[in-house]
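A.B. asks: Positions annotated as transmembrane segment by TrEMBL: 12-31, 89-109, 129-155, 176-203, 318-339, 359-377, 397-415, 442-465, 471-493, 537-559, 565-583, 642-664.
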Amino acid sequence: MALLSEGLTQILIPVAALIGLAFALLQWFLVSKVKVSYGSGDGNDYKDKLIPGEEEEGIDNFEVTMKCAEIQNAISEGATSFLFTEYRYLSIFMGVFGVIIFLFLGSVKGFSTKSEPCTYNTGNMCKPALANAAFSTIAFLLGALTSVISGFLGMKIATYANARTTLEARKGVGKAFITAFRSGAVMGFLLAANGLLVLYITINLFKLYYGDDWEGLYESITGYGLGGSSMALFGRVGGGIYTKAADVGADLVGKVERNIPEDDPRNPAVIADNVGDNVGDIAGMGSDLFGSYAEASCAALFVASISSFGITHDYVAMSYPLIISSVGLLVCLITTLFATDMFEIKNESEIEPSLKRQLLISTVLMTAGIAVVTFVALPSEFTMFSFGTNKSVKNWYLFFCVSIGLWAGLVIGYTTEYYTSNAYSPVQDVADSCRTGAATNVIFGLALGYKSVIIPVFAIAFAIYVSFSLAAMYGIAVAALGMLSTIATGLAIDAYGPISDNAGGIAEMAGMSHKIRERTDALDAAGNTTAAIGKGFAIGSAALVSLALFGAYVSRAGIEMVNVLTPKVFIGLLVGAMLPYWFSAMTMKSVGSAALKMVEEVRRQFNTIPGLMEGTAKPDYATCVKISTDASLREMIPPGALVMLTPLIAGTFFGVETLAGVLAGSLVSGVQVAISASNTGGAWDNAKKYIEAGNSEHAKSLGPKGSDAHKAAVIGDTVGDPLKDTSGPSLNILIKLMAVESLVFAPFFAAHGGLIFKWL
């Protein structure tokens, strides 16, 4: 019998979520204390607010502050209008796909409203299939809405904080770091608490109808994960195309052809580039990690509902995944205080270690948290459903399952950092290869990306083997949750990157001193690495989540064994392994064709607007923003359709076994392609920054900006942009979205699927 009572569990989960939300609001309040625009006083109040240390550089502080506010406003407006347009398109998709879910699942038993025997809890009666269809659709819409809100709120705080980080950089790098990190924490805690609270409320509301039918209840809850991830896919792809079209256009013409600095206000694509950071790296990443969290929770809850927890109606043990997330929020709260209140950043070399320390502290504290939760929430022994049999499991087995997922995440994070940070030899070797031109840079970068896959794959494989051996598919689902249990800290570190990137852009555009730009560059370089770490986490957790969902799908579809030697499964495997390449081809080409238009537009403006290079005329930023917006909205539909339609077509026409093959193939190949793409792009970006910073004798010998080696590095960075910010991060959504979609539609595929093989 568990030590934790049901009543206490009912209180603990929402209270933890509300504490998370309150902490996010507190961080927002602290960030808001940095003023961007001053009130209309009598001119004398400006002098009081001047920041010491900047006056001697002869800069008019009031004018600089106004300029920052103006640029911030332009970025915020651009990002908001793009997301509103994107969400308008996606609301149509949500409506249509919601109808598809209802019709497919309702038709399983011919839209019958009669109760039917339970699939797993034999001897009992369960609610009709029509109810499952209706509630799955509601859960889908709720998941989609929460995902959209998560992304939008993240973008809002990022555009609110970027200019504040720039202005704080005048007081020193430590102040700027705290502002950027606090803003990232707002997003991390809002998203994690929001996801947990909505899921908790949804389960309790659905329970009013389902009562004791937990099997039906948690099967319909899987729609929540599907909604979250389907929005994330379009957000990631759309945002990724937007940001990279602008980035490639700005870099190729501005830095390589015209030899002007990054984020120079003379560059017509510079506002679009900064808007892109917010809609791609912030809103897209927010929706993506929310999707992972929702799916990991849904997979664990579904497997538990058909095991002894669900059959004996043990509410506390059933809520184990949610209790882990609740404790994770509290752990992340303590961890954040280490970065903002306990350790002060005094110089630029301390930024990256401080962010790495966040990962380590949260992992160590969370391990202790998992131990406590496991022993108070779970009975000492129970059984878990494992492909038709029941496996006996002890509670300490689950402690190891969750912990191994958590520590595998740390290993992936640190490996990613080693391969993408310019403090280590892999990136320095890539930078060194720029001496002989762009071709050798590309060769070295690709090799680094492929090599960086080795350790993460072994870490994931080890986590899968141990957790499956201990607790079957439930073990893998909670291992994924373990990796995502510190999601608030992971997201804070991740969102910090684009905020710092924007801060640097604003400093350049506002004409602030070289010293300020150096500080924001240092913040940005660390942010690049942390963004790569965030992507590593997202990909690692996606692998575990999609395997857990795959197991749940196989159980739900009634497949006794997935035999690779049967032709039905093997053809699915081959096609599934090909899908990440097809998907990457679509997204890369979309970025390429949008960037082509952007390059032509930027060149046209430089050639036809008199006085643009001299700085006496203003560029037409709006046209570049329009090119990125139109391209991303048009181009996000084909890759999104590929992912959403594949399971429906495979399951309906080829049956549940072929679809199992497709899921396994896409998982195995998608993880490798995603990790190598993300790390290759990250390494090229930081190799360029290594040359630009010139902090070592080696870096100085390759520079300065504008040298042949630097131009070769810019080309490598440009090639890597769509890899690290469009294709790579979107692939982890591909593998888990196809798995959760297959699980939601499994009853339909099991009843009516495999039309082609039935006709043959």
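Every residue gets a Cβ built from N, Cα and C, even glycine.
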A.B. asks: Could you tell me whether the transmembrane segment (397-415) and the transmembrane segment (12-31) are in contact, taking contact to mean 3+ Cβ pairs under 8 Å with a sequence separation of 6 or more?
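C.D. replies: Counting Cβ pairs under 8 Å (6 or more apart in sequence), the transmembrane segment (12-31) does not reach the transmembrane segment (397-415), since there are fewer than 3.
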A.B. asks: The transmembrane segment (442-465) and the transmembrane segment (537-559): do they have three or more Cβ pairs under 8 Å, with pairs 6 or more apart in sequence?
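C.D. replies: As far as Cβ distances go (cut-off 8 Å, pairs 6 or more apart), the transmembrane segment (537-559) and the transmembrane segment (442-465) touch.
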A.B. asks: Output the single range from 129-155, 318-339, 397-415 maximising the number of Cβ pairs under 8 Å to the transmembrane segment (359-377).
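C.D. replies: Selected stretch: 318-339, with the most Cβ pairs under 8 Å.
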A.B. asks: Any residues 6+ beyond the ends of the transmembrane segment (176-203) with a Cβ under 8 Å from its own?
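C.D. replies: Answer is 13-14, 16-21, 23-25, 27-28, 30-31, 34, 139, 142, 146, 149-150, 153-154, 157-158, 160-161, 164-166, 168-169, 217, 221, 224, 228, 282, 286, 289-290, 293-294, 297, 301, 322, 325-326, 328-329, 332-333, 336, 339-340, 345, 351, 354, 487-496, 499-500, 503, 519-520, 523, 527.
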A.B. asks: Checking distant contacts: for the transmembrane segment (642-664), what same-chain residues at least six beyond its ends satisfy Cβ-Cβ under 8 A?
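C.D. replies: 97, 100, 230, 233, 546, 550, 553-554, 557-559, 562, 564, 566, 568-576, 579, 582-583, 586, 733-734, 737-739, 741-742, 745-746, 748-750, 752-757.
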A.B. asks: Could you give the residue numbers and ranges of same-chain residues that sit at least 6 residues beyond the transmembrane segment (471-493) on either side and whose C-beta is under 8 angstroms from one of its C-beta atoms?
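C.D. replies: Non-local partners: 20, 181, 184-185, 187-189, 191-193, 285-286, 289, 292-293, 296-297, 299-300, 303-304, 307, 320-321, 324-325, 327-329, 331-333, 335-336, 355, 358-359, 362-363, 366, 369-370, 384-387, 391, 393, 397-398, 401-406, 408-409, 463-464, 530, 533-534, 537, 540-541, 544-545, 547-548, 551-552, 555.
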A.B. asks: Near the transmembrane segment (442-465), which residues from the same chain, at least 6 beyond its ends, have a CB less than 8 A from one of its CBs?
C.D. replies: 404-405, 408, 411-412, 415-416, 419-420, 426-427, 429-430, 433, 476, 479, 536, 539-540, 543-544, 547, 671-672, 675-677, 679-681, 683-684, 687, 715-716, 719-720, 723
